[in-house]
Amino acid sequence: MSVTAQRAPDTPVRAAVAPVAPATPPARRPERARARKRREYLLFALFAFPNLALIVVFAYWPVLGNAALSLTRWDMIAPSPTFVGLDNYVTLLSDPSFLRVLRITAIWVLAVVGISLTGGLALALLFASGTRGRSAVSALAFSPHILSGAAVAAIWLFLFDPNYGLSRILFDTFGLDSPHWTTSSGWALPALIIVAIWKGVGFVAIVYLAAILALPRDVMEAARLDGASRWQTFRHITLPLLSPTTFFLLVTQVIGAFQSFDLIAMMTGGGPAGATTTLSWFIYNEGFRQFEAGSAAAGAMIMFVLLMVVTVLQMRFVEKKVHYR
């Protein structure tokens, strides 16, 4: 018995296709990108605003306020300052005693910064040469830097005392009279420079030591294999590789020397006879002893301009000699 299969008539077959969402119009894509950018900028502003507000309130606003005060005359008792224009600047820059203050400040900055950098580099090279107890010696050299200015001043006032200090003992050993370090106009500034160097040279040495220990040893070994002496290696390899560190220390040490105040206040008070009156002490004396707020503000603006000029000159000329690896 044969079974004949009956074929169903041909019917059109429709494939089940999922509906396709309409493509996003090209015009809407830039709008979404701009909206995303706006959200990012808003988030950035939200996080940056507190920091920017602090900088404006505690940095820029005081500078602007001081600049405005420098154009006035005010004894800090009168209810309001009197506008005098540039009279404070003219008076200061034409006063021989203020020009002497600038000269003393220049001597102070050059001596403290120059000797601290040179001495700190020498100590760092000594510490890096494999000396036993390098960590202990480094910590000992750095310890004066963490002492407060008042503590350092008290220590050195005792050492400098011409009656019962260590200075008298040392000079008596050689049959000499101990100088009156802090009360003699000829010795007061050198004494302060000695103390400032003692306090700051350890920091310079530690920074240099970290940079020296990070120098590539293969370069040093290659120089030795080529027959370079220690002096040639130091002059032509070590110093150029240390130039970024030197530049950093030079800028920060100059700013710190200009702003130095605590040692002068504790040891000499700007005396004797103005022999140790630097610009920072002059500003304090004018403002809080003579109650000449306008003159003190003008002195502060002069210091600000001097620091800006010195820093720009360092960036302009010294940084050209910096060799970055």
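Numbering starts at 1 and runs along the chain as displayed.
The backbone N, Cα and C atoms fix where each Cβ goes, glycine too.
A TrEMBL annotation is a machine prediction, not a hand-curated record.
Quick caveat, the model's predicted, so the values are computed rather than measured.
Residues or ranges marked as transmembrane segment in TrEMBL: 41-61, 106-127, 139-159, 187-216, 237-258, 264-284, 296-317. What TrEMBL lists as domain 'ABC transmembrane type-1' is 102-314.
Between the transmembrane segment (106-127) and the transmembrane segment (187-216), three or more CB pairs separated by 6 or more residues in sequence fall under 8 Å, so the two stretches touch. Residues 104, 107-108, 111-112, 115-117, 119-121, 123-125, 127-128, 138, 141-145, 147, 149, 152-153, 156, 160, 179-181, 238, 241-242, 244-245, 248-249, 253, 256-257, 260, 263-264, 267-268, 271-272, 275-276, 325 of the same chain lie 6+ residues outside the transmembrane segment (187-216) yet bring a C-beta within less than 8 angstroms of a C-beta in it.
When Cβ distances are compared across the two stretches, the transmembrane segment (237-258) makes contact with the transmembrane segment (296-317), since 3 or more pairs at least 6 residues apart fall below 8 angstroms.
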